[in-house]
Amino acid sequence: MKDIIYSLIENEKMYPEQIAIKHNTDVLTYRELNQYANKLADLIKDTKSPLIVYGHMSPFMIVGMIASMKAGCGYVPLDISMPEERINTIIEKINPDFIFNTSEHSLDSNGREIVNTETLLTDNRTVEFESKIKDQDIAYTIFTSGSTGEPKGVQIRYESLNEFTNWMVDLNKIGENQQWLNQAPFSFDLSVMAIYPCLATAGTLNLVDKTMINKPKLLNDMLEQSKINVWVSTPSFMEMCLMLPNLAETHYESLKEFFFCGEILPHKTAKMLLQRFPSAYIYNTYGPTEATVAVTSILITEAVINQYNPLPVGKARPGTQLSLAENEELIISGQCVSEGYVKDEQRSNEVFKDIDKRKSYFTGDKATVQDDLWFITGRIDFQVKLNGYRMELEEIEFHLRQIDVVKEAIVVPVYKNNKVTQLQGVVVLNDLNDDKDEQTVIHDIKQELKQAMPEYMIPRKIIFKEQFPLTINGKLDRKQIAEDVLA
């Protein structure tokens, strides 16, 4: 089994001048990555609290991650796009001794020691540092949104990270020394899917920043220059990129493998991608942050596309057990499961339990099994009750997306006095209806919905949008869409 820190030491010996991480013109070789990590680990070696790693897509953020694991304290990644109040809440909860600031933004240190990249660049020592991290130590803590408004810090052990990385290395069909693309900010655990499998196989990690996401031409230039082999992103980010007409195998011959996680992979998106890249390996994966990124996978083939709609998320990875509670809630058990939420025993006890002496996580996701494959069918908390009828918003969204003229869809419940009074369907259209007026298109959409679902589930209003906003993590921003509609 590959050990991440050991793999990096081996890579430094075998490929010292190979580029490990690249962001625009900023690059770090494997030698530089290891040496800077040793210097930072030496600086923080006596701390018992996690290292805050702050910035946006700087290669030095990964230096901070590796250094923190070598020092045995682990890290908490924070992106500069996060609101200041949220950052301060997280820092207060973690109470770190050190903050590694890789950006030009200033942070309120509140008496804590701030280390910046300049500190490492001007340190002329040669430092040999023997890694202190043990399997049971926390490798990283990633904060996710909490239903109470206070973010939850998900703690992942080093052994869980190594197990996940080895599974990804086994899934990867195209071997070592590849060019990987990472779309997700480091504060989102999808980035873990790119960082460690790439570095464990002596690849080069190419980082996509906010500017590239907002200007597809810059992304196109990066894809062409870096000759990307492995793509890791949310499905929503891929949907946006498929608007680039030359995103196809004929133009990007090097692009051979895709990994998707973080959201449901829509059937239409997968079908279009497979048409554009017929010889590529396309993986649909599923997993919550609380279970170390992803716990299932399936290779999307033409046969899978033809047989299943919606698409399955596949089979559980080795060492992980999946089961269903009575209400169809998916339960994940195994070494992948988080240690719990940092300094939050109450919320940890609500969702982390021992089943047959195995640590288990109650996901809040509804699931089903068909043909030995797992399907995610919605969220327990996406159920609403309208006029006495209980319904799944995601089921309505699924049927909206099956309509030819609909490219993407979100269903927004409208509340009055804490009660749902109506549903509104918000859709982005394909370019198939130029000759029809808005009311005709709305009528056609509702007529098609009537073929698939009861009248009471059909949204009262259909609202058109040019495009949907994405969160900083590259997912559909449901909250922003709802606020825009209800404003």
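Here the Cβ of each residue, glycine as well, is placed from N, Cα and C on the backbone.
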For the ATP site that Swiss-Prot lists with T144, S145, N284, T285, Y286, G287, P288, T289, K475, give the additional residue from the candidates D356, D365, D371, D404.
D365
For the D-alanine site, Swiss-Prot lists D189, K475; sort out which one of V115, V293, V384 goes with them.
V293
So of T144, N284, which of the binding-site residues has the fewest other Cβ atoms within 10 Å around its own Cβ?
T144
Same chain only, sequence gap of 6 or more: which residues have a CB within under 8 Å of the CB of V293 (D-alanine binding site)?
F164, D189, L190, V192, M193, C261, G287
List, in sequence order, the same-chain residues at least six positions removed whose CB sits under 8 Å from that of Y286 (ATP binding site)?
C261, A294, V295, T296, V313, G314, W374, I376
Where the record says D189, V293, K475 bind D-alanine, what is the longest distance in Å from one Cα to another among those residues?
15
Cα distance, K475 (D-alanine binding site) to D365 (ATP binding site), nearest Å?
17
Applying a 10 Å Cβ distance cut-off over all chains shown, what neighbour count does D189 (D-alanine binding site) have?
26
